[in-house]
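Note sheet for the following structure.
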Amino acid sequence: MAPQLRIFVPPHPLIRHWLGIARDRQTPTPLFRTAIAELGRWLAYEAVREWLPTIPAAVQTPLAETPAEFVDFSQPLAIVPILRAGLGLVESVQQVLPTARIFHVGLKRDEVSLEPRCYLNHLPEQLEVNSRVLVLDPMLATGGSLLYTLDLLRDRGVSAEQVRVLSIVAAPPALQKLSQAYPALTIYSAIIDEQLNDKGFIVPGLGDAGDRLFGTP
């Protein structure tokens with residue numbers, strides 16, 4: 001059977017809570033930043049639930065020896081935030097995965113063509129074999145930025161099966177493109193909205209995540 005794009009919208013009350021705060025146009029920049037970070041934290045918990053390799057062990061409690069299980073941190077982990085909005089997710093996701101290496105990719109959308117232009121690429125020429133990669137892209141509108149980043153990862157030996165994407169808001173146009181180009185991909189998003197406007201912004205969305213994170217256009 002051919003692989004099919006998997007997208008999960010976790011039914012967690014704290015995800016809905018922080019999403020509501022992030023959507024509210026009255027939310028000030030510091031609180032918006034907190035909301036995005038918290039969404040990153042809870043989405044990361046969900047994304048790695050059955051994804052991280054573990055190793056069995058035994059520990060001695062104050063009373064007896066008992067079986068235990070630990071994350072196998074010898075397996076390479078990477079976090080790839082897509083700048084600039086992806087920066088809002090980095091710190092909280094890194095707290096969930098403290099051993100992960102971070103590789104920044106900076107993309108700016110052309111306001112006419114809506115296509116991404118790369119101004120920063122800190123990915124190595126080749127990632128470690130069997131790396132697990134979390135890509136942070138808060139707004140999946142047209143999908144151009146994520147597709148560009150996935151192409152960069154593919155060229156460095158990373159398959160879609162090795163990647164999980166964290167997004168705050170996703171829209172059908174992006175998901176359709178991703179399902180065609182990378183059907184084996186897995187995405188975790190706080191919500192899927194209905195449409196894009198004529199400027200390529202998600203509606204209802206939450207506005208420009210980068211502008212609201214940093215208080216600057």
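Using the three backbone atoms N, Cα and C, a Cβ is placed for every residue, glycine included.
Here the structure is a predicted model, which means the values were calculated and not measured.
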*From the candidates Asp24, Asp208, give the one listed by Swiss-Prot for the same 5-phospho-alpha-D-ribose 1-diphosphate site as Arg84, Arg109, Asp137, Pro138, Met139, Leu140, Ala141, Thr142, Gly143, Gly144, Ser145.*
Asp208
*Have a look around Asp208 (uracil binding site) and count the other CB atoms within 10 A of its CB, chains all included.*
12
_Can you check which residue among the binding-site residues Asp137, Ala141, Ala209 has the largest number of Cβ atoms within 10 Å of its own?_
Asp137
*What is the one among the binding-site residues Gly143, Gly207 whose Cβ has the most other Cβ atoms less than or equal to 10 Å away?*
Gly143
